[in-house]
Amino acid sequence: MERYASDTERDDTPLLQRAEEERVQRAPACGSSRYGLAVLSSFGFFVVYSLRVNLSVAMVDMLNNTQSDTNHSSSVCPAHANPPRPKHNHTAASVYNWDSETQGWILGSFFYGYILTQILGGYLAGRWGPKWLMGLGILGTVFFTLLTPVAADLGAKYLIAVRVLEGIGEGVTFPAMYTMWASWAPPLERSRLLTISYIGAQLGTVISLPLSGQICFYLDWTYVFYIFGAIGLVWFVLWTFLAFDSPNTHPRISEQERLYITNSLKNELSTSAGYIPWRAILTSGPLWAIVVAHFSYNWTFYTLLTLLPTYMKEVLGFSIQQNGMLSALPYIGCVVLAVLSGQLADHLRETCLVRTVTVRKVFSIGCWGPAVFLVAVGYTGCDYTLAVTFLTLSSALGGVSASGFNINHLDIAPSYAGILLGITNTFATIPGMVGPVIARTLTQQNTIEEWQTVFYIAAGINLFGATVYTLFGRGDVQPWAVHTSYNHGD
């Protein structure tokens, strides 16, 4: 197709200039349906991550701590003062004698289900519509979350099975939402809208970690799953009545906004409904650059997400009440930088006329930065302040990637963004499956030296991914993503 003759031509044509040429009249953001969708989906991802990470804190309280920890190395930091737990009138929750390996499998089991529905989720969202796929996916996860205490009492195998089923439900959520944004997000507002939407994942982590710690402290660990499950039910009701697949199916959207969105996307979306160029997708270099970056970033992200509470307790010696708060601190920085990076990324593209590919690669610092500070954590010894500071900086810089490779799928193929995300997220889920198991296998004595090895592995993988994406990433719509019926031979 002549219009997409070369990647260089496309990348050198500023988005603002193309928008002005097409004379698309912008609709106000305040009170708009597209920003309403961003907030509602952000709440959805808040639920998704709350249900995903609450086990990380609850696990600390689910274990039988009456067994002595004398097998720990002398390099483990002295424990902090542990305030007395309130006495409960109800029967105390059960505790379990799970060894380190079993804990690793339980924490990683979610991702074995999560990986199964990534590509399928992108395909089904394109076929049947993303609204109900996302809604029912989260509802299923809520249901199995509420069953978690029963499954744990039955045994570790049952808990692992329930977590796998939760993962299957959550696996469709990101591909479904990417498919929805392909119809809702104007190119010049893409970074803003998607960072608002996906910041809910970070907020879910920031809020659920300390709140889970408080729930465990004042109630017991079973209430962690009941309370967050109830919040998920509230979200589902709101989603049912307020979310719609596209601007054209929204009954309350203004005509100005509907035309703004549809006109701004008319040259980016596929004209061949139902056709998916699988061969072109699977042989796309820019897509595989995203795959490598996504896999690498998630190795660090999931290592911290699932094991940070364990590190806070077993190495730094924080109590369950302190644990949740301090484990959440790194993600507060991530939330702040993710929001700021989204604003800055669109400003650079729209006002400063910086090429999309340049912006995406510059923001790949979200992979470089975390690696440096994660390694530094291993050399802080028992300097609690410095350790938490470095962990916070590592996670915060990771938030910058929200405007880097993380939304690049919509740049290179908006029509197939859900499928592309399903592909990259399939590979990016592998770290969640194997990372906790490897980490817990390497840290059976919970010494600082063992954790240094875990941090080195994560940092090395991060740096590799950032390098590959910098070399091979692209920011333009690929020719195979804007096709007509005559080039089905792709």
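Just so it is clear, glycine is given a Cβ too, placed from its N, Cα and C backbone atoms.
What TrEMBL says about this protein:
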DOMAIN    37-477  domain 'Major facilitator superfamily (MFS) profile'
REGION    1-22  region 'Disordered'
TRANSMEM  35-55  transmembrane segment
TRANSMEM  105-125  transmembrane segment
TRANSMEM  132-152  transmembrane segment
TRANSMEM  223-244  transmembrane segment
TRANSMEM  287-308  transmembrane segment
TRANSMEM  328-345  transmembrane segment
TRANSMEM  357-378  transmembrane segment
TRANSMEM  417-439  transmembrane segment
TRANSMEM  451-472  transmembrane segment
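As a whole-number mean, the pLDDT of the domain 'Major facilitator superfamily (MFS) profile' (37-477) in this prediction is 84.
The listed stretches are 35-55, 132-152, 328-345, 417-439, 451-472; of these, 417-439 has the most Cβ pairs under 8 Å to the transmembrane segment (105-125). Using a cut-off of 8 Å between Cβ atoms, the transmembrane segment (451-472) and the transmembrane segment (357-378) share at least three residue pairs, counting only pairs 6 or more apart in sequence. Taking every listed stretch (223-244, 287-308, 328-345, 357-378) in turn, the largest tally of C-beta pairs under 8 A with the transmembrane segment (417-439) is reached by 287-308.
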